[in-house]
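Visitor: Take a look at the following structure, please.
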Amino acid sequence: MSSVVIVGSQWGDEGKGKMTDYLSQEADVVVRSQGGNNAGHTIAFDGKKFALRLVPSGIFAKDKLAVIGNGVVINPPALLKELHYLQDNGIDISGLRISSRSHITFPYHILLDKCQEEAKGDHKVGTTKNGIGPTYMDKVSRVGIRMCDLLEKDTFKEKLERNLAEKNELFTKLYHVDPISFDDIFESYYEYGQELKQYVTDTAQIVNDALDQDKKVLFEGAQGVMLDVDQGTYPYVTASNPIAGGVCTGVGVGPNKIETVVGICKAYSTRVGAGPFPTELTDEIGDQIRETGHEYGTVTGRPRRVGWFDSVAMRHARRVSGISCLSLNLLDVLTGLKTVKICTSYKLDGKQIDYYPASLKELERCEPVYEELPGWDEDITGAKKFEDLPINAQNYLKRVSELSESPLATVSVGADRIQTIIVKDPWEFAHK
């Protein structure tokens, strides 16, 4: 058995897709376990850039299975749009597998998401308004419609009628918007299900069988640890569990099947939307990093908030997600800065702390304590091994690793797959 879990160790957008694409070359199965079409990932493949939201990045690897696990919430028209887009670009999608237990996002989830966000006024969470939270809300309320229900016309009809009756009460009486018609959803979504039916199966069995047969399984995360509904900056979080533990529930594998957890991070920090962000840069350095790193959301297009690398948040991510090693991206973006900073701890009400507070009010009062290191001007985009990097870049990476309490596995110095320095292949950590 050999398994690797990829988790975003910051606030999402860390470049998980690139590492998934790289590691999937050796994997037999690539699995996604949570999130929905709120999570965008961009992959450079064969000279083209592909922006995906639902389809696992492993779809680009030939002769592999790309699995959407039960923890993923699926918007059928959005998924079909992606599949057609891939086919139009010559990508073979025959390896796709979709869990029959995955939950479905409907138009009423999207409308409810928008209504709830607007009702929050100045306290908006900053959701993508794709209906992800309301879909998970129905799931835990035990009224959700799953993929297996969508394929059974009578079951789908019964559940849709019941859900719409409840949701339309909310729309008309609480939010004062027009109700959603049953006829606008039923036939079209049933047809979506029929088109997806060929890919629907018991994915937990597929993944467990692969592990039991000593095949390599790669679990692809979405979002990031700091957006985890339990361990992140609640309530400014996503509705699912991006931590490594979410793989177990979101795929249907036991924790003893998880061998290695790769924490994906940037050489700096970013987040989209509202919420605490202790190392945020609002000056010209932040603007420079944003423009050089093209820091705009894959899904929303919103400019990302930018900050220095936060080792306090990283250590929190390591603890709650069991990170084995780090895969650091976008080191090249820091090229040209005279100095680079790493947050080593916080000051809370004058007292130095090295933990990440749960309280939002405490986080707002936290001041980052920085360690400053000299920067570098040399072009690093062609570096093939660690020793090719300027000494100042090497020292920066070593300090990030030390403060994060995690060894470096890879360093990315450019967008292309080949622009990756392998310090130690993450698959090797599975056999330590």
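Placement of Cβ uses the backbone N, Cα and C atoms for every residue, glycine included.
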Visitor: Which residue of THR155, THR238, THR282 does Swiss-Prot report at the same IMP site as ASP13, GLU14, GLY15, LYS16, ASN38, ALA39, GLY40, HIS41, THR128, ARG142, GLN223, ARG302?
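Guide: Record source Swiss-Prot; matching candidate: THR238.
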Visitor: Work through the recorded positions one by one (HIS41, THR128, GLY301, ARG302, PRO303) and name whichever has its CA nearest to the CA of GLY12 (GTP binding site).
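Guide: Considering only the listed recorded positions, the nearest one is HIS41.
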Visitor: Mind computing the max CA-CA distance among ASP13, GLU14, GLY15, LYS16, ASN38, ALA39, GLY40, HIS41, THR128, ARG142, GLN223, THR238, ARG302, which the record assigns to IMP binding, rounded to whole Å?
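Guide: Looking at ASP13, GLU14, GLY15, LYS16, ASN38, ALA39, GLY40, HIS41, THR128, ARG142, GLN223, THR238, ARG302 as a set, their Cα atoms extend up to 34 Å apart.
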Visitor: Determine, to the nearest whole angstrom, how far the Cα atom of THR128 (IMP binding site) is from the Cα atom of THR42 (GTP binding site).
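Guide: THR128 (IMP binding site) to THR42 (GTP binding site), Cα-Cα distance: 17 Å.
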Visitor: Quick one: Cα separation, GLY301 (substrate binding site) versus LYS18 (GTP binding site), in Å?
Guide: 19
Visitor: Since the record lists LYS18, HIS41, ARG302, ARG304 as recorded positions, which of them has the fewest other Cβ atoms within 10 Å of its Cβ?
Guide: ARG302
Visitor: ASN38, THR42, GLN223: which of these binding-site residues has the sparsest Cβ neighbourhood within 10 Å?
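Guide: If we count Cβ atoms within 10 Å for the binding-site residues ASN38, THR42, GLN223, the smallest count is at THR42.
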